[in-house]
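A quick write-up on the structure given underneath.
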Amino acid sequence: MANDLLLPVVLLGGLATYLIRFLPMHAAERLNGRALPPWCHRFLLALGPSAIAALLALALADLLPIATFYAAAPAVLAGVIAVLALYRLTTNPAWSTLAGAIAYGLIHIVITV
Amino acid sequence: MTRTAPSNPDPGFGFGRGLVDSASLILGYFPIAVSFGLLAVGQGLSPLQALLVSAVVYAGASQFALVSLLAVGASPVSVIGAVAAMNLRHLFYGPALLSRLPKDGGRVPRPLLAFGMTDEVFALASASLTPRHTEMWLLGVQAGAYGAWLAGTISGALLAQAGNGRWPGIEAGLTFVLPALFLALLLPLLRRVNVVPLGLSAVTALGLSRFIPGHVALLVAMMVGAALAAWRSGDRDGE
């Protein structure tokens, strides 16, 4: 890797990422929210849950490629069940996440060893 | 804009509470950042350079792309273009969260809030924000996530530099951290009224990701799901 390129690429890549995050927020702040029509407000409120559902679907799909679906499915299923169970018991996302990762890792080891 | 709930920020939901509430993000970020540190050093970066990428770019998938593209000799313009394209989905995060932040109480400078607006911070805040939460709570969440990202990056980079091998069992468990986190964040949002929009978002993401890059599929899917949810709630409100 060309080390002399790294710094400018990192700085410009970081700037681009930052501006993508900041400029729409700045624009929305200047509008002060009041100029937005109700449908736009509803759309913005719905974006979060919608993004989480899409992120979850894509993350699970990465773990379940078609070619190895049946081999990978038991560990994924164990992880999902562990998350559901811990969430029901604790409603704490951190504990639920940890339980899911442990269950997935254990079943993965059992299957692959 | 019509607010759905009165704004009544509670000082108990400040920076410290945000840090505590970021535990799930810390759990999710650290192992991914370790993977990034391992990859970056494996591609020829020093641990400090890997940390620099995480500190400045702070955008998971696009950091992996940046390092990998530079390693294969891609032009700087194409690398920066790829990074920007992968992060276009963040365009909506700021306006979406601003509409839910309390109107009263202390304000955090927007340039500071914007820096930490990642997928997972947005997801956690979307799932958690109530009129009682303050802007400092969001900053606390962001600080926890950013700290974990930096700590994980340097840990992974130092591990790679030390020449340690990998641990297949732990690594396997770590691959499930993000799906588990997203599932845990989605569960409290599930209501009969939004099952269809959420399902549409998930199905759209899955379907499109077979034909277009995942980050583009994500952007389209979240907009499609949100549009359906907005349309349905407008219908219910008689608009």
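Cβ atoms are placed via backbone N, Cα and C, with glycine included.
Over in TrEMBL, the protein carries these features:
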- B:20-41: transmembrane segment (TRANSMEM)
- B:77-99: transmembrane segment (TRANSMEM)
- B:136-160: transmembrane segment (TRANSMEM)
- B:172-191: transmembrane segment (TRANSMEM)
- B:211-231: transmembrane segment (TRANSMEM)
Stretch-level contact, the transmembrane segment (B:211-231) and the transmembrane segment (B:77-99), CB cutoff 8 A, at least 3 pairs: yes
Top Cβ-contact partner of the transmembrane segment (B:136-160) among B:20-41, B:77-99, B:172-191 (pairs under 8 Å): B:20-41
